[in-house]
Amino acid sequence: SFNPVPPQISTIAFTLDFSNHHAPLTRARSDQTNAPAVRMEITFASHSYSDLPSASMPSTTTASGSSRPIRVIPMQHPNVASSSSLPPNVVLSQWASKLRRMTALEWLEFFLPCYRWIRIYKWREYFQVDLMAGITVGVMLVPQSMSYAKLAGLQPIYGLYSGFVPIFMYAIFGSSRQLAVGPVALVSLLVSNVLGSVADTSSELYTELAILLALMVGVLECVMGLLRLGWLIRFISHSVISGFTSASAIVIGLSQAKYFLGYDIDRSSKIIPLVKSIIAGADKFSWPPFVMGSVMLTILLVMKHLGKSRKYLRFLRAAGPLTAVVLGTAFVKIFHPPSISLVGEIPQGLPKFSVPRAFEYAESLIPTAFLITGVAILESVGIAKALAAKNGYELDSNQELFGLGVSNVLGSFFSAYPTTGSFSRSAVNHESGAKSGVSGIVSGIIITCALLFLTPLFESIPQSALAAIVISAVIGLVDYDEAIFLWRVDKKDFLLWTITSTMTLFLGIEIGVLVGVGASLAFVIHESANPHIAVLGRLPGTTVYRNVKQYPEAYTYNGIVIVRIDAPIYFANISYIKDRLREYEVVVDSSTRRGPEVERISFVILEMAPVTYVDSSAVQALKDLYQEYKLRDIQIAISNPNPDILLTLSKSGLVELIGKEWYFVRVHDAVQVCLQHVQSLKPGYESSQSSRSSSSEDKPSIFSQLFKQRESRTTTDLESGNGRPPLAPIRDSQSEPLLPKER
């Protein structure tokens, strides 16, 4: 008798293939054409099962009377009593012990993220590049901040105030070393759009509301950062953000047209009122501001293009706004054109400490505070993460959100309106070689010097020059390349982009964002409620099972349906999953099926490796499905559920209901067991079994069995197609021990 050595971790099965058994065994030959082929199948088992042969391994009796074991890796079922979740007091104690283990250094880094780069800062190597980067961004920030303040409906001085305290606070509490914080165009447009309907832009209330909004945004960002709720914004897709920013950029550009045209236009966040207002006032058109604005815009775009396309000229990108301001101011000082409007008087000195007022309007500002916070998370945190990856350090998005919140809260006490990370200035900061927050501190010093000494020079800056700075900055936000890319790659995302941009242009910013987010969530819900479900087939020459639509050469077995569910199973999609399972039971492709000829489906194998979660509704639906199948003599088999899924099924009693013997580690294990049962369902099986048992007394030796004629039926024949030719030729039959060698 042949008794294999019990394996400890794996089972190795050797099969002797005497394909050319007419050649004498004693004859040695140099070529191995007639040599017996030794094939090896390795089935790995868990370390928990050191005595694998002792596990139940059903066997299949062949037509020749031989017995071939089906090697099935035993499923380790969880102990429901010992697998209960930890009580809250244990979780709290673990959290408290983790806090107690934190060192003083870790606490310091937690509250002051700047300490992470301070303690490794190389002054001789980093300070020079940080100094140059800070000066470059500071020179860029001074004119931009005044331009964005005008876009927000505020006096230019409040743009400088917003670039003063927040930039210092972020250098201390922010975790990004290259992010440039300050006023940005999109947030300025949101401030103008909301506050314009509450107060007049020339009133003191308007300014107080803008400062109060900075406090609310800061508090909201701090709370979300501390509670680690930044993940909520992940539900807004990139196509929605791209469509929103593209439409907002167009609205921003049109809102600045009044400084080019020389006459006032209606303040609106919708494109139709803006266009109507521009057309209605065409008779008031003035050439001097239009020519100056166009020349400044051309200079800015040329300098930006040269700075991007040529590395040795990259300083031009940052110097563009300052160049426009200097040239415009020089032109006004020399020629004194009366038709060109100027910035006017700007207060000199640093902002004074003051507590935000007008709290009675806070409730009406809550939606805008949430919207600005969402923009901060999507834009600033996204930029910060990208820069951190490029510079080789880790960044915590929640810590980053907290740092932005602190800079807004403290900035609101020094007359700042909402600020966030700027894409253009951060890119310039990175390209200039910034290594740490020192560059941000240098930029803050530039703003401080401007507030203390340079404000008298800003009085003669043309409004058209500031408008050109804004337009040149937002032109890059019109992301038509993204729209073309989405059209080629994913029409659904292109539809989201189109819906969001169209709604933002024609119905306003708030409605555009709400519709875009709603559409994004609707797509997410639809995908979740209608998950991808695949029928699996076996790839020839392997024990691997894949989607039959993706791999047409994969074959299935008569009487067995293998289904893979590629999503969590919960109340919203269980009905869809049940409907698809019923379809697969009825609609089968007989051209790719192998195995014993049976008339109906007897087994449904659910491959649950991709399933990450099962709720109570899904468990109850699976129970109903089991009972429904039971009435039609169909057995469910579960393959490869993860430990959490298996624990849920055990607690609900579904494991006992279906039977532990119908839970498998691999799809192939389930197929082998099901094939054995399918063979027993074929007509004539009972009589053949009785005839075999009557002749089993004279059991032939193992070598006699190996030399039997090839027409004898074995479990291998069942798995490979019941004697029918394979669908695709198997080049290397020895790569799959369970398939017969090609004849």
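Every residue gets a Cβ built from N, Cα and C, even glycine.
Residues of the same chain lying 6 or more positions beyond the ends of the transmembrane segment (155-173) and with a Cβ under 8 Å from any Cβ of it are 112-114, 141-142, 144-149, 179-183, 207, 210, 214, 343, 346-347, 350-351, 402-404, 406-408, 410-411, 413-419, 437-438, 440-441, 443-444, 447-448, 450-451, 455, 458, 466. What TrEMBL records for 155-173 (among others) is transmembrane segment.
Among the features that TrEMBL reports, transmembrane segment is placed at 180-199 (among others). Sequence-distant neighbours of the transmembrane segment (180-199) (same chain, 6+ residues past either end, Cβ-Cβ under 8 Å): 137, 141, 144-145, 148-149, 151-154, 159, 162-163, 166-167, 170, 174, 205-206, 209-210, 213, 245, 248-249, 251-252, 255, 267, 269, 361, 364-365, 368, 371-372, 375-376, 379-380, 404, 407, 417-423, 425-426, 428-429, 440, 443, 470, 473-474, 477, 508-510.
Summarising the annotation, TrEMBL assigns transmembrane segment to 205-227 (among others).
Feature annotation from TrEMBL assigns transmembrane segment to 239-261 (among others). Outside the transmembrane segment (239-261) by six or more residues, the chain places 151, 185-186, 189, 192, 267-271, 274-275, 278, 281, 284-286, 289-290, 293-294, 341, 378-379, 463-464, 466-467, 470-471, 474-475, 477-480, 482-483, 486, 493-494, 496-502, 504-505, 509, 512-513, 516-517, 519-520 with a CB less than 8 A from a CB of the stretch.
Annotation source TrEMBL lists transmembrane segment at 285-303 (among others).
Marked as transmembrane segment by TrEMBL: 315-335 (among others).
Only residues 6 or more beyond the boundaries of the transmembrane segment (365-388), in the same chain, are considered here, and those with a CB under 8 A from a CB of the stretch are 174-179, 181, 184, 186-187, 190-191, 194, 209, 212-213, 216-217, 220-221, 224, 230, 233, 236, 241, 394-395, 397, 400-401, 404, 418, 420-421, 423, 426, 430, 509-510, 513. For 365-388 (among others), the entry in TrEMBL reads transmembrane segment.
According to TrEMBL, the transmembrane segment annotation covers 400-417 (among others).
The annotation transmembrane segment is assigned in TrEMBL to 437-458 (among others).
Summarising the annotation, TrEMBL assigns transmembrane segment to 465-488 (among others).
Taken from TrEMBL, the feature transmembrane segment applies to 494-525 (among others).
Residues annotated as domain 'STAS' in TrEMBL: 550-674. Taken residue by residue, the domain 'STAS' (550-674) breaks down under DSSP into 57 helix, 25 strand, 43 coil.
The region 'Disordered' annotation in TrEMBL covers 684-743.
Contact counts against the transmembrane segment (400-417), taken as Cβ pairs under 8 Å, peak for 205-227 among the stretches 205-227, 285-303, 437-458, 465-488.
Using the rule of three or more Cβ pairs under 8 Å, pairs at least 6 apart in sequence, the transmembrane segment (285-303) is not in contact with the transmembrane segment (494-525). Highest Cβ contact count with the transmembrane segment (315-335) among the listed stretches 205-227, 437-458, 465-488 falls to 465-488 (criterion: pairs under 8 Å). Across all of the domain 'STAS' (550-674), the predicted model scores a mean pLDDT of 88.
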